[in-house]
Amino acid sequence: MIESQRHSFHLVDPSPWPISGSLGALATTVGGVMYMHPFQGGATLLSLGIIFILYTMFVWWRDVIRESTLEGHHTKVVQLGPRYGSIPFIVSEVMFLFALFRASSHSSLAPTVEIGGIWPPKGIGVLDPREIPFLNTPILPSSGAAVTWAHHAILAGKEKRAVYALVATVLLALVSTGFQGMEYYQAPSTISDSIYGSTFSLATGFHGFHVIIGTLFSIICGIRQYLGHLTKEHHVGFEAAAWYWHFVDVVRLFLFVSIYWWGGI
Amino acid sequence: MEEVHLQTAPADFRFPSTNQTRHCFTRYIEFHRCLAAKGEESGDCEKFAKYYRSLCPVEWIEKWNEQRENGTFPGPL
């Protein structure tokens with residue numbers, strides 16, 4: 001066990017999850033390409049690949065929880081890995097979303113003559129930013145405030161309160177996602193409506209996808225907190241979730257200002 | 001031999017770069033806005049017409065005229 005090793009690092013046991021994740025990624029990419037070109041079986045391979053990746057994530061992270069919380073391998077130095085590693089991951093997500101924002105600016109700041117040199121293009125039904133978007137915009141930061149509340153509760157050792165705070169975080173996030181779904185459903189234009197639809201849908205859609213991932217992460221944290229996994233000194237998973245959630249939050253604000261508000265006038 | 005008077009659209013400081021697409025498009029729109037504001041008969045709009053006809057490829061003008069007839073012209077006329 002950990003007492004028998006004379007160093008504070010974690011040498012992991014051999015695991016099949018890296019290879020299974022890679023095979024899942026291979027299936028997803030090949031299946032995706034097959035699906036988008038006229039090859040038989042593309043959709044099946046794509047879905048199998050995605051399911052495989054999701055399964056790998058589940059079992060890999062379950063193993064991490066087992067090794068850390070239940071077996072005690074995550075000493076202070078081991079914790080630095082996931083903690084500081086989450087930061088480059090979030091930065092990579094920022095870069096991805098930055099590319100989508102850039103696409104939107106590229107098309108909207110100097111609209112081409114093919115769409116009439118104006119933005120939004122003629123005939124595109126634009127959502128009024130003062131309606132659902134404006135409603136959704138304070139909901140996500142409130143969720144961010146709730147996750148901060150949860151963090152303070154964890155640090156203060158108030159376990160039950162932390163569970164309530166995480167429930168509030170998740171509920172607000174779900175409400176926001178629900179509103180966003182409603183907005184998409186009754187929006188006057190779609191993804192296929194001109195470059196406006198493409199850039200709008202990609203930016204808001206991928207942001208929404210990240211919201212869903214963040215919500216899932218927060219739900220898992222809530223469950224773990226409920227089960228007593230998180231202590232006031234050791235809650236790296238929760239911190240990563242909170243950072244990710246704040247990032248999603250900030251992106252939402254940029255989204256509102258640049259795409260909903262500025263892009264619609 | 002008579003002197004042939006050659007002229008093209010004047011350089012417009014709004015469009016300083018080599019790509020004059022936007023210049024052509026703007027003059028086309030200005031001409032039609034002028035017609036809408038001042039009427040078909042007035043001679044004030046002729047200069048815009050000369051400008052866009054010098055700048056724009058004939059294919060674009062034909063396409064835009066067709067779009068205007070169909071009501072699908074995307075610009076702010």
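Note: Cβ is positioned from N, Cα and C throughout, glycine not excepted.
What TrEMBL says about a protein is an automatic prediction, not a curated fact.
The disulfide bond annotation in TrEMBL covers B:Cys24-B:Cys56, B:Cys34-B:Cys45.
According to DSSP, B:Cys45 (disulfide bond) sits within a helical segment. The Cβ of B:Cys34 (disulfide bond) has B:Asp44, B:Cys45, B:Phe48 as same-chain neighbours under 8 Å, each 6 or more residues away in sequence.
Taking all protein chains in view, 20 other C-beta atoms sit within 10 angstroms of the C-beta of B:Cys45 (disulfide bond). Other Cβ atoms within 10 Å of the Cβ of B:Cys24 (disulfide bond) number 23 in total over all chains.
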